[in-house]
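Asks: The ATP binding site annotation in TrEMBL covers T13, A14, N15, G159, G160, T161, E207, N208, I209, K210, G287, G288, A289, L290.
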Amino acid sequence: MFSSTQIGIDLGTANLLVYTKNKGMIINEPSVVAIDVNTKQVLAVGEEAKNMVGKTPENIIAIRPLKDGVIADYQVTTDMLKHVMKKAAKIMGTSMRKPSVVVCTPSGSTSVERRAIQDAVRQCGAKDVQLIEEPVAAAIGADLPVEEPIANVVVDIGGGTTEVAIISFGGVVSCHSIRVGGDQLDEDITQFIRKKYNLMIGARTAENIKMEVGYALIDHEELTMPIRGRDLVTGLPKTIDVSSTEIQGAIRESLMSILEAIRATLEDCPPELSGDIVDRGVILSGGGALLKGIQDWLSEEIVVPVHLAPSPLESVAIGTGRSLSMMKKLQKAK
Ligand SMILES: Nc1ncnc2c1ncn2[C@@H]1O[C@H](COP(=O)(O)OP(=O)(O)OP(=O)(O)O)[C@@H](O)[C@H]1O
């Protein structure tokens with residue numbers, strides 16, 4: 001049985017979430033840490049640190065310690081986890097002493113990368129740490145009947161990775177993980193604006209453009225928005241208008257890589273399960289599932305129904321927290 005000392009952590013490239021069955025989602029913060037480079041002291045974590053990105057003086061850096069779903073900076077990840085565990089303990093009270101933790105990892109991560117995640121969480125006071133593959137957690141979090149012998153197809157488009165998996169009878173039947181996600185779309189937009197307009201924009205601006213006028217590859221009524229950056233020729237601040245059509249062109253290649261990963265996973269599906277996919281369709285989760293038009297575009301391309309998970313940004317964390325009771329049946333990440 002699930003007790004209050006058991007928690008699920010979605011240690012994501014973009015967001016860090018903590019879910020407990022008793023209290024639900026207790027933490028949901030950007031995975032960003034602000035550090036004083038001289039003293040190595042952590043100044044802020046989460047939303048406060050994210051607001052500092054690109055705006056700090058030289059002695060302060062705001063870092064995202066995870067990249068492509070795995071730890072890029074071990075020390076900063078541990079600092080961030082310690083901060084989050086302390087915050088969780090405050091919310092949970094004494095029941096948080098030495099919790100059992102389940103934490104998700106991308107299915108394409110190496111054993112060294114998985115071990116690093118496990119060690120970092122253990123260092124923060126966990127009694128034991130189990131790993132679960134992200135798409136399995138996303139499927140559980142989206143309330144799919146993963147333990148039944150039917151095909152549950154999940155496409156989880158996160159910040160650093162996109163994970164596509166077919167899950168049946170508690171295990172992964174076929175899966176593909178690519179290191180392309182929302183961050184890559186932001187990077188595509190930054191590069192496009194720099195090349196076309198000679199304008200340098202920050203990471204926050206690129207993400208805002210994606211959220212406001214980013215569209216998957218479908219016809220739509222064109223949207224425009226004003227954006228601000230630094231003119232690379234004059235060095236001065238400048239405002240320009242960008243349109244959804246040009247942003248669509250900028251992110252095309254990355255969206256095509258996501259589509260290829262979905263196609264490759266479906267192609268690996270055993271014929272007995274293919275019928276289920278036609279009937280039940282595919283579930284989209286992760287923040288990337290919120291890109292405008294992505295549901296319609298994917299369903300046109302793969303010719304099966306595409307549904308949005310009930311809380312796309314929270315599915316993995318919810319599934320991670322709920323997975324403890326199912327852990328034995330599920331194919332655990334090693
Ligand atoms: N409305 C939106 N439109 C497009 N993208 C969005 C939207 N909302 C959030 N995103 C993007 O979703 C991504 C974050 O998603 P999520 O929190 O699922 O990732 P993560 O779990 O931290 O990453 P990973 O699974 O790769 O470790 C970011 O790139 C963010 O910009």
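Backbone N, Cα and C atoms are what each Cβ position is placed from, and that goes for glycine too.
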Asks: If H, G and I count as helix, E and B as strand, and all else as coil, what does DSSP give for N15 (ATP binding site)?
Replies: strand
Asks: Could you measure the widest C-alpha to C-alpha distance across T13, A14, N15, G159, G160, T161, E207, N208, I209, K210, G287, G288, A289, L290, the residues recorded as binding ATP, and give it to a whole number of angstrom?
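Replies: For the residues that bind ATP, the greatest Cα distance is 20 Å.
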Asks: What is the number of other Cβ atoms found within 10 Å of the Cβ of T13 (ATP binding site)?
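Replies: So the number of other Cβ atoms within 10 Å of T13 (ATP binding site) is 23.
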Asks: Do you know which of the binding-site residues G160, G287 has the most other C-beta atoms within 10 angstroms of its C-beta?
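Replies: That would be G160, with the highest Cβ count within 10 Å.
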Asks: Relative to the Cβ position of N15 (ATP binding site), how many further Cβ atoms are located within 10 Å?
Replies: 23
Asks: What same-chain residues, at least 6 away in sequence, bring their CB to under 8 Å of the CB of I209 (ATP binding site)?
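Replies: Result: I189, I193, I201, M225, I227, V242, I247.
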